[in-house]
């Protein structure tokens, strides 16, 4: 006789075991109609699952975040149903939920095409219209093996082998199609109407490039049409803002097969890169950092001593010379410890703050490379602070404020911060972890902003704070970090002399604000759709003549703008002024200056912005002041 306690405290008694759906029906037909699953004693279960004893129950509907995830997971199974009807010879692998969607990996003798994807989506809609029930059957292990053996689903059998402890498994039947899953899933296909397949890509079995290649079909699903439409609109906008397309259109950079994951910066893109570097150099100098430069290639023994060889070897590029093995550095930290170790350090010398625009290389899988967002060769605004345990709090607090100020300069006000604390496997004693975690939490509280705790997500060598930016499309990008490290200073023999004339290891704080320059520039390109604020624009002003008689005056204006530190060019082509304005507008140049006979005679310029706003006629000095004012405001200034 189970007694069910609902979220509002109401209780319902039943004479016998009762399913989640039956409880929903006892509350009302409207709720039952919208029941996707249930949360029984804080565990998600299927709507058909029985409750046999007293329990708490929350009915999950499409309005709940869990309901949306269940809809997405069930849509992945629906992909399997449609694919097996259209392509019976393929083998289904795995179909998990991901952020804002789902995918299904499939082994197919031939790659799927966009036409295939359209056919799969159409078949999915036909199946949804059949309004069939999804049937769950808990099945003994041997029967599950027999089921998938009969169906020739070898990948499912391999997955079963990975779960030797499971004596029975959930099989979900979509009519003649069956899939294996822990669930829960929707009770009926009526919940799956608001979906769309989005793309096809390649993947590897178990994510290992040494294994066979699979076809991955991506999709998204939502609880209603409006949410789906809004998502599709965001995706379309994101495609328009794709940094690879804009990078090509604005002549910023290119990638090519001969150097996978390495960026060929063009003059325009390199100007943006240099603006970032010069800005960050001044920020670091103003905040007590010493800029250093360390080698690109270092003997492999250092990486063995630091622990990177044991844990990171697959991602390291290596080389050999004169009987010695070397690695191209994937990160700067061990090298910065070598700089710190030169000369005896006293507690009076701490903190020591080292910074480097460190060029690093990591052997990322070719399938994961993505424009300049995911590369093999990159530069970090890397820094390491060597301090005492007592100095952790102040150093972290100062870094948080510095990071938030930098993000504001780039136009990012919405910053998410997460504190990751001790994992089960870790180094260092608990008192040190207590101190470090409290120091980081107190520093976050002092910043006066909300932050999220991630228990157990810290690195084995210390807790960390991660900083993530939200862009104009609502996408979240993890960029900055500060991490306490109790391990590397010990491994690499870093020490200082204490006030008691004893030797002690410093705490090492790994920190970065932008992260990878390449990735951060990619984020900026997509955030601004290439319409960079004046301080980052490769060309800040273009001076154009109406007829040949103003050509010399245009060149003189450009020369004066350059003398004042502006990035300016001229356009003296024998084209109509309207054509030149349109073309330079497409290049996202913030300011377009036009000279006719009147402007030449008066020594003025007619100024308009790339958005078409006419700022009128002004002196050259006034225009210089206008641009310098805009540059001083950095990302806070919007060119209208």
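Just so it is clear, glycine is given a Cβ too, placed from its N, Cα and C backbone atoms.
Swiss-Prot lists 333, 510 as Zn(2+)-binding residues, and of the candidates 266, 361, 370, 384 the one it assigns to that same site is 384.
Other than the site residues 333, 384, 510, same-chain residues with C-beta atoms no more than 8 angstroms from the centre of those residues' C-beta atoms, the Zn(2+) site, are 331, 332, 336, 337, 382, 383, 483, 485, 488, 508, 509, 511.
Set side by side, the binding-site residues 384, 510 differ in how many other CB atoms lie within 10 angstroms of their CB, and the most is found at 384. Helix, strand and coil content of the domain 'TGS' (1-61), in residues and according to DSSP, is 13 helix, 24 strand, 24 coil. Neighbour list (residue 333 (Zn(2+) binding site), Cβ cut-off 8 Å, at least 6 residues apart, same chain): 306, 382, 384, 485, 488, 508, 510.
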